[in-house]
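Asks: According to TrEMBL, the feature transmembrane segment maps to 5-21, 27-45, 57-75, 81-101, 113-130, 136-154, 166-184, 190-212, 221-242.
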């Protein structure tokens, strides 16, 4: 759907942004915003002839989620050379994401990229809350807007009805926003927030995807629940229960 030249150009532009990283993070955010707009318009133009329904356009959100999630992580890297190296890796993944975009299906690669993007987005939101302390409703709204496309991409290729997939995405996004609101009262570091919320997101998205695909079993529930429980237990028992200044 996306030509190899267009995909390579998108990856190259992403690298150039971090080579020319300005002194001001605000200016960098503006550049990234412009890049996202151009990338979106390009993908819309290339994908339009192949889209059968409005729901198919949801897969085009994956490159945007990846740019936002990877940038949130790259912003926290203080060493310029390391940041550039990681930006090159993120750009290579962006090229692959662009090349594998197709309506009506999501691959294991795309689901994994979506999960990695989710980690970056959760990290970006929680560190922003730690640094700037926005009102609770902004955190809830931001989490809802982050989760809605993530869940949609996770459920997109399941054989369930479109309405059912949308309602699942909508309800789980609202539920996740409520969990984020409750976590605002936890006196822990933003890294602990990120690990804990990522575990919750992983468990819910995986089990619901199995359910919508008609493949949910008791063994899968026990395995994934136990796996996430152990991660959350380690994260919470080793966390410093006071915010670090």
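Every residue, even glycine, has its Cβ placed from backbone N, Cα and C.
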Asks: When you look at the transmembrane segment (190-212) alongside the transmembrane segment (81-101), do they share 3+ Cβ pairs under 8 Å, ignoring any pair fewer than 6 residues apart in sequence?
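Replies: The transmembrane segment (190-212) and the transmembrane segment (81-101): touching, no.
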Asks: Where among 27-45, 113-130, 136-154 do we find the most Cβ pairs under 8 Å to the transmembrane segment (190-212)?
Replies: 113-130
Asks: Can you work out which residues elsewhere in the same chain, 6+ from the ends of the transmembrane segment (27-45), have a Cβ less than 8 Å from its Cβ atoms?
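Replies: 2, 6, 10, 13-14, 17, 21, 57, 60, 63-64, 67-68, 71, 75, 98, 101.
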Asks: By a Cβ-Cβ criterion of under 8 Å, what residues six or more beyond either terminus of the transmembrane segment (57-75) are in contact with it?
Replies: 10, 14, 18, 25, 28, 32, 35-36, 39-40, 43-44, 47, 51, 83, 86-87, 90, 93-94, 97-98, 101-103, 106, 110, 113-114, 116-121, 123-124, 127, 149-150, 152-153, 156
